[in-house]
Amino acid sequence: MAIEAWFMDDSNEDPRLPHQTNPKHSVSLNQLSELGVLYWKLNPNIYEDDQELNKIRETRGYNYMDILDLCPEKVENYEEKLKNFYTEHIHQDEEIRYCLEGSGYFDVRDKDDRWIRIWIKAGDLIILPAGIYHRFTLDTSNYVKLMRLFMGEPVWTAYNRPQEDNPARKEYIKSLTEKPGVPVAAH
């Protein structure tokens, strides 16, 4: 089954809840790809020897890898970390995450500055483009095991919104406007 994504409601309730609009307004993989978000469904049980994962890593130049277990029992200052992840930000580089166990939410902004919630589960590999506004939180399971991939030496610096003058943000906006027939909201 493909990844699930939807437009979020405006509720300020616990961010670990689904926050679906009523009625639910689903977002397709095609709509995500128009934002530069890429997705693969892989087998997390064979990630150490997965040829498809190795091909993705080789093709895209991901030579760094680590594993992050995110749950209250395994992360010092868990609540503070989660709060930081949930602050809207961009990165200068792609953000690549492969969910090996558990689940969580990546929220990304669409061209009209609306939040889209992407529910990642075991087997989902997602790539967020450099410069896209996003945030992350766990769902109510309170557990996710993620593989983080990176090109070269990892740089985990987050640049909190606003970042309209950031070169990565400018490049991202430019990439969206170069797609024919795709309007981009001014921010």
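Positions of Cβ are set from backbone N, Cα and C atoms, glycine also.
The annotation Ni(2+) binding site is assigned in TrEMBL to HIS89, HIS91, GLU95, HIS134.
Less than 8 angstroms from the CB of HIS91 (Ni(2+) binding site) sit LEU128, ALA130, GLY131, VAL155, THR157, ALA158, TYR159, ALA168, each of them six or more residues away in the same chain. Feature annotation from TrEMBL assigns Fe(2+) binding site to HIS89, HIS91, GLU95, HIS134.
Taking a C-beta cut-off of under 8 Å and a sequence gap of six or more, HIS134 (Ni(2+) binding site) has these contacts in its own chain: GLU88, HIS89, ILE90, GLU95, PHE106, ASP107, VAL108, ARG109, LEU128. Sequence-ordered, the extra residues of this chain that approach the Ni(2+) site, with Cβ no more than 8 Å from the Cβ center of HIS89, HIS91, GLU95, HIS134, are ILE90, LEU128, ILE132, TYR133, ARG135, ALA158.
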